[in-house]
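Summarising the annotation, TrEMBL assigns domain 'Major facilitator superfamily (MFS) profile' to 13-437. Positions annotated as transmembrane segment by TrEMBL: 60-80, 92-110, 116-136, 183-205, 217-241, 248-271, 283-307, 319-340, 346-367. Residues annotated as region 'Disordered' in TrEMBL: 406-437. Per TrEMBL, compositional bias 'Basic and acidic residues' is recorded for 423-437.
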Amino acid sequence: MGKLVPNAFNLAVVIFVALGSTACSYGMAIISSTIGQPSFYHDFNLAKQGEPGYGRTSSLIGAMNGLNSAGSAFGCAFLSWSADRYGRLRSLQIGSLILVIGAALCAGSVNMAMFLVARFIAGFGIGILVTGIPMYQAEASAPSSRGFMELFQMEKQLELDREINQNTGKWDILKTGPTRRRALVGFALMFGNQFTGVLIIANYGVLLYASLGMKTFMPLLLSALWVTASFPGNVFTAFFVDRLGRRFFLLTGLGGILFTLIMECWTQAVYLGTDNAAGQKAAVFFLFLFIFFWSTFIDATQFLYLAEIFPTQTRSQGMALGMAGMFAATIILLISGPIALDQITWKFFFVLIIPTALHLAGVYFFYPETKQRSLEDINAAFGEKVAVRLYGATEEEEEMYAKALEAREPGASGDMGTIPSSEDEKSAAHVEAASKV
């Protein structure tokens, strides 16, 4: 356990900050139970599923979620600026306040216009928190336990970052090949993950269960159980993602989700609108199998991976860009989702199956592993220079670094040089670096 929890205070901070992620998830998913309440349709004078005028209702439901996602996209953009201007902590405090205000306005809405505006405001707060929290957690955590050598690495990497920052400006994340690759990987990761349809099920699960023959309280109950079922999976991720690796989790999750989407499409194509209760229950089962793969292998891993792949000087920009990809996908899906489910029913799953298959292939071929690499060492995986390379270092290289540390005078700055990530230059670079101590 000591290897998993290097510092009790760090652990407490990371867990407490995670409450913000819970608030974000609740804020995004609460619409699912809201549209399952008869009073919601009555208070806002909306037609229910199967009634005349439901087309207007489905459009408004899409707008509720679309505006929430649009607000989140603006929140991401705000965070990319405020995180560097005012700091991570102050930005999280601002996001929390905005989310509280938005949630209060949603609860007190007296008409649909007010509710739509409130959803946008709440989304703005969600965008700040859902982008800033993983960034803060990654920077407050260690890959295993940070000993003196890793602290030394952090010191030297910060010196290199400061040197780089003297010659860089805003949006440098798009200026060089390695940084553009990070940006593309981050954006594509979050965009592609949303096209698995997780928020379609989370937000419109009540409608899906009702279309599969579930009556009275069952759609709401199943929707609540579906969300609750995600908790054990996230706990599993916390304990095993560092052992099995990010790529293993992402590939396993996407492969399992692709299977469940295909089976869900097939069962709905055959049994939707029939009296075959067993077939309809099978369709419900595959929706729950979906959340098993999502929560166990994708949910937490995606935020961890996104936060890890960016260096300090561009992390706020990279996180914002990645989360913008997530919310761009949710705007597309959540606006079109209720209309598509009403008009083309099971065929809508083809819109999810094809992108998921392409995303799975992209992760397999283009996404590097970040397991057990410090945030500094991950630079090397994307072809950038690192000040001190610890990941994959031989015993001789580790001994060289240890001797370099011992040789340093207390308070001396020293100079380890810059070690390129190219395999062909490793030996020469290490010798050169050691000679400069």
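Keep in mind that glycine also has a Cβ here, set from the backbone N, Cα and C atoms.
No curator has checked TrEMBL annotations; they are predicted automatically.
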Are the transmembrane segment (217-241) and the transmembrane segment (116-136) near each other by the rule of at least 3 C-beta pairs under 8 angstroms (pairs 6 or more apart)?
no
I'm a bit unsure how to read this: which one of 92-110, 183-205, 248-271, 283-307, 319-340 has the highest number of Cβ pairs shorter than 8 Å with the transmembrane segment (346-367)?
248-271
Rank 60-80, 183-205, 319-340 by Cβ pairs under 8 Å to the transmembrane segment (92-110) and hand me the top one.
60-80
